[in-house]
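K.L.:
The structure follows.
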Amino acid sequence: MYRPEKISIRKVPMQREDLIQSMFAPPDAPPVRWRIAPSLVDYPEAVETMEREAAAIADGTADELVWLVEHPPLYTAGTSANAADLVMPDLLPVFATGRGGEYTYHGPGQRVVYVMLDLKRRRQDVRGFVAALESVIIATLDSMNVKGERREDRVGVWVRRPEKPPLMDGSMAEDKIAAIGIRLRKWVSFHGLSLNVDPDLEHFGGIVPCGIRGYGVTSLVDLGLPVMMADVDIRLREAFERVFGPTRTENE
């Protein structure tokens, strides 16, 4: 009797870019509220607002929200933060936060995008959601002729720096231009992403950003693009709508 030969199939882990499927809400869902803070927002106020908005979205009493802010100079420590990565603990205020990830810097000139979406309506896929946020950043950068890239071993968006000395292993230098850190409660996201437009890059020296050693941090202005925050906001919104669907303006 013929017995088919058993074939061993090696499972290859899916890459984050393979997880990008539709993150659109159902067709009858209202547009996502798009809100831009007109001035610097203190971090505790931002957390309180996110908590309140996320709870209302989960309860069905508020529409989804994307909130764009800038913060005064500060560090935040995610749930995986290692105290050794806070290199200069007295340089700036430090806030513990419930988002994933490690230490990061926020300050003027950095666009922080707090994303409060109901993934029950969209897709209950955390890795896919992170990949979608990366796609928003990559598309935003691409609209300004900057090539942003994802790395499987490093969440966030990176740019190659051929003009810099190579890394210790001989590979090309890379700098981080955008970070991502999220939290979910009842499948509603909060926290989000940050894109370096023109922050004080020296402030990143007080931490090991995101716990990743050996890599630098850059910004759009550092790359030679003297862009205005308002222009970046327009491009972010266009990229967001291509990935997540329509938005509507909400004034503060």
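Indices start at 1 and increase along the chain as displayed.
Using N, Cα and C of the backbone, Cβ positions are placed for all residues, glycine too.
Just lifted these from Swiss-Prot, have a look:
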DOMAIN    60-248  domain 'BPL/LPL catalytic'
BINDING   Arg99, Gly100, Gly101, Glu102, Tyr103, Thr104, Tyr105, His106, Ala179, Ile180, Gly181, Gly192, Leu193, Ser194  substrate binding site
SITE      Lys176  site 'Lowers pKa of active site Cys'
ACT_SITE  Cys210  active site, acyl-thioester intermediate
K.L.:
C-alpha of Arg99 (substrate binding site) to C-alpha of Lys176 (site 'Lowers pKa of active site Cys'): distance in Å?
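P.N.:
With distance taken Cα to Cα, Lys176 (site 'Lowers pKa of active site Cys') is 19 Å from Arg99 (substrate binding site).
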K.L.:
Quick one: what's DSSP say for Gly181 (substrate binding site), helix, strand or coil?
P.N.:
strand
K.L.:
Can you count the other CB atoms that lie within 10 A of the CB of Arg99 (substrate binding site)?
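P.N.:
Neighbour count, Cβ to Cβ under the 10 Å cut-off: 20.
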K.L.:
Considering each pair of residues in Arg99, Gly100, Gly101, Glu102, Tyr103, Thr104, Tyr105, His106, Ala179, Ile180, Gly181, Gly192, Leu193, Ser194, all listed as binding substrate, report the largest CA to CA distance in Å, no decimals.
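P.N.:
Taking every pair of listed residues, the largest Cα separation comes to 15 Å.
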K.L.:
For Tyr105 (substrate binding site), what residues in its own chain, 6 or more apart in sequence, show a Cβ-Cβ distance under 8 Å?
P.N.:
Pro73, Leu74, Tyr75, Leu92, Pro199, His203, Phe204, Gly206, Ile207, Pro209
K.L.:
Within 10 Å of each Cβ, count the other Cβ atoms and name the one among the binding-site residues Ala179, Leu193 with the highest count.
P.N.:
Ala179
